[in-house]
């Protein structure tokens, strides 16, 4: 969900002190936390200065609750300012208002998504359909309806599921206990992702292909990133990596840790996690202009992406069903303060998008200032370089409403239809881009009524919530229906946007019992030019004036948050690629008649920095091999010790067709404790990043493949296999493999350590005893398949073990062992042994904690 994805999201709480995994590169934990702290302080300041809604008296609460606990007060699900704001914005028509508000006050149904690229997704689908769906219908149908659990009709392949109960009810209801445990376990091992339904929508409109390079600009906590990784991996063959990659970015260090933890479950070599301000994401370009991009087809010249997900930080009121605090904290200034940041982040996404590529802009806010106003500004700045796509034919089962074509802006309790109406002292705070952009003002003299309605947006409020009518409305007049003009305010001047904003999508909660979301799909037709980038600079100049003004006057509605946010984001020059900088400098000189004005001087400084950075990059790279340019972050180093690589290849019999050279990286400057495997696409970006002076601040990349061991058993290879990378490497291993029957495989998983003589199959015990000490792979054998076909079968189950002096030890984490045990029970009906049996098999220190 969007607002839970960036530190400026106004409804999110960063989880502190929970279980943390060590990021790739150990010293990340010690780096500065100033970025996240600034945003957290800003949010706290905003909430302290927000209007408060007083809760009911204790007597009233006791009367309502039967007096069971007089000290407890139910959460107040009311906010008069919220209702007034969205009534004026006409998010829904008047006769829908009560239903709209009623749904907002109800708990959000739980939803989850199955990872179609995981090894056992067919087993999970079967268990949901044949076990849980039937049992829940019989046990809780009276309480939650007949379809207590059902697939979301609009999500492809029945991979996303809707529950008629909330996450809180899922935890509290005893009848749902086994189902809740199932969801928790499958989520822990990465087989499912518990994600809000509307949050699943934006990646679906990216039309991702396996070879696409995808940028997720504001990625934490990672549910959409995980979804994008599923998409590029879903069609790959066993042992083959997709040609694409996902680069997931977040500004906050702690949330990057959370992002890494969540995406680690995917075990992918096609992921890079970065830590940058989204609006200033690095360019990483070797080419001076677009004519040089394809100069050397074997070498990446410029960091560009086929797809960009721009799920920006927002006020988050579309998630109001999830958190009761939003009712208390919401105010109309929240969206205004984030508008410019959202525009700048989205413009950076467009600049990084390849020509012909697709970008999705989305928020979990209902506010048009954060939604339609941002999209209109993107189209205005981009000119003919970008178009807003009509995707009404995609996902036809998803009930969505066209975007608004007109709206108003509220500031300090006053409503404004145009920027001309804004008082002079507020014009640098309430920006022109917040208003509908139009060349003319249309006057409507239709029949009078008591509820004002947008003339060109009547279709947004004139339909029932059924799929068939949604299809019809999305096709009629390109998403705009022409109908009656009744119930319009007969004297209103309506400013309509000149852009086709009806092509945007609004998801409102009472249409499909969900949260609220906004999505716009943009297609890049041509590179951005200098004059378009100049428009960005104008907005930044306004931001500086805005700061000076804010120092002189109080901010009753927004509080200090506005000053902090503006200082951090608006007073920054956005840097695009070199060609755009050149064009921008030339256009500034022509438009202003001088090359020494304030704007062009700043462009000159940035351009010179880029050029000087290139000249120094060669000398700096030698130093970077020992220390990263990013304080507190270990550098990404290619592992080039040929002797060690040859010993690994020889020890495990890794075929030459699986390339290790150039694909292994480490974060250790002296002793490579862990080695991570990266795909070809990731390798190219890491090499580009080295050549441009390490502009990317990489927090994590690749999948852990090998880890140095400390065993004294006399193993000839210094590294052992990692379970995370086993599925990728298994088809290419020819040595150190043992094949176990289901019974012995199950025993290994359950007891973790078994003496050779205690295996049921004596032949397997003898083979294990004859193996030289060290790491090995144990493969589950089903039926009479030959070894080669077993290793190439993507459904094959295998684990990493250690052959000790007299025992076989499993090196798999506890959640993964539990997952495999459940698969064994489901497939073979093998039940876990008794506690008495467990005492018979001793544990060996150092190997009972998994890898």
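Using the three backbone atoms N, Cα and C, a Cβ is placed for every residue, glycine included.
No curator has checked TrEMBL annotations; they are predicted automatically.
The domain 'SAM-dependent MTase RsmB/NOP-type' annotation in TrEMBL covers 100-525.
As annotated by TrEMBL, S-adenosyl-L-methionine binding site applies to 218, 219, 220, 221, 222, 223, 224, 250, 311. For residue 224 (S-adenosyl-L-methionine binding site), other Cβ atoms within 10 Å of its Cβ number 29.
Here TrEMBL flags 364 as active site, nucleophile.
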Just the number: how many Å between the Cα atoms of residue 224 (S-adenosyl-L-methionine binding site) and residue 364 (active site, nucleophile)? 13
In this predicted model, the domain 'SAM-dependent MTase RsmB/NOP-type' (100-525) has a mean pLDDT of 83
Of all C-alpha pairs drawn from the S-adenosyl-L-methionine-binding set 218, 219, 220, 221, 222, 223, 224, 250, 311, the farthest apart lie at a distance in Å of 13
So if I draw a 10 Å sphere around the Cβ of residue 218 (S-adenosyl-L-methionine binding site), how many other Cβ atoms end up inside it? 29
Could you state the whole-number distance in Å separating the C-alpha atoms of residue 311 (S-adenosyl-L-methionine binding site) and residue 364 (active site, nucleophile)? 9
